[in-house]
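Inspection log for the structure reproduced underneath, given as structure tokens.
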């Protein structure tokens, strides 16, 4: 099988592991920097060039598209899709996942529980908007933030109003959510591949922080995800159209709540903590999917 990986940096851990896993299983693997890809779109067909040469014959593509190049990266991925290349995470699914508001709407429509979320635009409605959410603390999130960036905890109603008004002044898109205190700064990262959770870890925020992201100083241990948590994780990925996803849950009094569905989850943390060959599971999923489409 001929596999392309859309990535701007071949030295990143996740990219290197996917290369290793693909070649170990006997496949040809090539890295394509999405920003060096350019395309021809016409009624008579689609074509893609990379550094002066046509790109053809790929059976599958694994998108590792950074948030800063989402629009161009997904356009390149969409071109490959139109050229008949299989991808576990289609371009439209990545765009759904990276828009937090849209993702939460889609999850809620499937009956998947999450922290109560509000969204509004007019400054005159701020007080009523926050009253729909309930008393503070509140969590304010940039709509397209990543890796814990653009996430603010406000402990008083006045602070919530001030942050909301400041973000509106910057023309930033954001959502506001209820704060789940019983989670105590911990969440569960479930790594979904296909129709199963292949690994799960419990992440704990650093002292004085409420964000559990590892690159912000959080710690992680192997987690024994319950059957319900695994089911919610798989349903969440499926609701957005993703076959490979990192689904972040928190354990609450009313059960597991989905915080986010990440369409480009890093492999270093989960493989290091859980000792699971996640990259190999992704390549195996590609093999099975391409084989099914050929039958």
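Cβ atoms here come from the backbone N, Cα and C positions, even for glycine.
Per Swiss-Prot, the features are as follows:
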type: BINDING; residues: 141, 178, 179, 187, 211, 212, 213; note: ATP binding site
type: BINDING; residues: 248, 260; note: Mn(2+) 1 binding site
type: BINDING; residues: 248, 260; note: Mg(2+) 1 binding site
type: BINDING; residues: 260, 262; note: Mg(2+) 2 binding site
type: BINDING; residues: 260, 262; note: Mn(2+) 2 binding site
type: DOMAIN; residues: 104-287; note: domain 'ATP-grasp'
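Projection of Swiss-Prot feature records onto the structure.
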residue : record                : DSSP (3 states)
141     : ATP binding site      : strand
178     : ATP binding site      : strand
187     : ATP binding site      : strand
248     : Mn(2+) 1 binding site : strand
260     : Mn(2+) 1 binding site : strand
Among the binding-site residues 178, 187, 248, 260, point out the residue whose Cβ has the most other Cβ atoms within 10 Å, with all shown protein chains included in the count.
187
Give me the count of other Cβ atoms within 10 A of the Cβ belonging to residue 262 (Mg(2+) 2 binding site).
21
Including all protein chains displayed, how many Cβ atoms other than that of residue 141 (ATP binding site) lie within 10 Å of its Cβ?
21
Average pLDDT across the domain 'ATP-grasp' (104-287)?
90
For a quick check of packing: other C-beta atoms within 10 Å of the C-beta of residue 179 (ATP binding site), how many?
17
